[in-house]
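The following feature annotations were taken from TrEMBL:
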COMPBIAS  14-26  compositional bias 'Acidic residues'
COMPBIAS  46-72  compositional bias 'Basic residues'
DOMAIN    75-124  domain 'F-box'
REGION    1-72  region 'Disordered'
Amino acid sequence: MSTHGTSESHSDDEVNEYVELEESDKEEGPSGRLSRLNRPTIAPAPKRRRFGGLRRKPATAKAKGKGKGRNHGKLAQLMEMPLDVLFEITSQLEPLDILQLSRVSKRFRTIFASKGSKHIWVAARKNLPGMPDCPHDLSEPQYASLMFEHNCHACGKPRSLMADYSLRVNFCTPCFKTK
């Protein structure tokens, strides 16, 4: 038997007790609410039975998949590091890594886009044997973007296959034909 449209099942004694409380005179407190002693009480529903061996294990980072979610706070100490130590660490990286690091925060952007950080970019470029020097009309970050990122400069599509280094642009095939 269900009470008040719920699907919980209760014994006949509990239901009768509930109905008696509803029909009896209820004492109201000063706020107009039922006093705590005269409120109808219903026993909680019985707990569900747990079947052995079907416990769920907490999800690990490996189970969740790669690249999902952000890793907040993993490089917080890098932001507070002295600049000479940061420059030494980043001079061991490749230009694409420094370019991506410069896009992490405003502080890193100001550090790596400044003219004073040119020695970092030069050291990073020298970590790649056979990489030509930066042209005089491009900054080091622009040169790294031109060489290592392959987005179309006209429409923004990823994976542009046509690069015109004399014009300093990357194009996808449709944009290359129209431009």
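Glycine is no exception: its Cβ is also placed from the backbone N, Cα and C atoms.
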Could you put numbers on the helix, strand and coil content of the domain 'F-box' (75-124), residue by residue per DSSP?
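Helix, strand and coil residues of the domain 'F-box' (75-124) number 38 helix, 0 strand, 12 coil.
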Can you work out the mean pLDDT of the predicted model over the domain 'F-box' (75-124)?
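Overall, the domain 'F-box' (75-124) comes to a mean pLDDT of 89.
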